[in-house]
Amino acid sequence: MASTAVQLLGFLLSFLGMVGTLITTILPHWRRTAHVGTNILTAVSYLKGLWMECVWHSTGIYQCQIYRSLLALPQDLQAARALMVISCLLSGIACACAVIGMKCTRCAKGTPAKTTFAILGGTLFILAGLLCMVAVSWTTNDVVQNFYNPLLPSGMKFEIGQALYLGFISSSLSLIGGTLLCLSCQDEAPYRPYQAPPRATTTTANTAPAYQPPAAYKDNRAPSVTSATHSGYRLNDYV
């Protein structure tokens with residue numbers, strides 16, 4: 001029962017991490033900067049994500065533009081794209097494997113493959129969390145270095161966006177959930193199919209042979225009236 005509860009907790013945390021990873025990948029709030037004008041109506045906020053960059057006006061208007069050229073993007077952005085996409089794919093595969101391997105499901109019930117699927121799902125969740133952690137950590141380091149670079153003008157400096165914080169939380173949930181899924185399968189005994197005990201067989205190899213009297217005593221019977229003489233000797237003894 002405790003192992004089942006640990007599996008459910010691990011799957012729930014991993015599933016939340018997968019959802020957070022998807023949202024982090026889509027949101028444009030990876031880098032943000034704010035330029036406030038002389039009037040509150042002229043306040044503008046710039047946002048940059050993996051797939052688009054947006055401009056938010058104080059009037060509530062969003063204007064987003066998708067990146068047109070892939071080769072024109074910086075290398076850190078291209079690497080973050082690849083890492084986050086792979087992390088999302090691994091999270092989806094891990095979710096399917098974990099559903100099959102959990103004890104509360106009927107898929108592959110009573111087979112050793114069920115434990116294998118649970119361990120595989122936990123391992124993939126851990127790998128997905130690591131990839132997401134690397135992507136958001138790399139981007140955060142790049143943002144911090146550029147922010148404290150005195151050679152860059154203030155208009156080109158960005159701050160850490162909300163999507164990076166969400167990425168850290170999501171990757172942590174995936175790592176914790178995947179670890180719980182793997183640990184919940186360690187205490188289980190290996191599956192062994194039931195084997196009926198062998199039946200007792202009767203062997204005649206050690207039984208004693210039937211007793212047979214010697215041939216000399218075959219005719220050693222009590223004398224009858226017709227075959228015995230008056231002296232008590234049998235007539236057959238003289239034949």
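Backbone N, Cα and C define each Cβ position, glycine as well.
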Topological domain name match (Swiss-Prot): Ala5 vs Gln65, membrane: no
Beyond the flanks of the topological domain 'Extracellular' (137-162) by at least 6 residues, Cβ under 8 Å: 27, 29-33, 35, 46-49, 76, 79-80
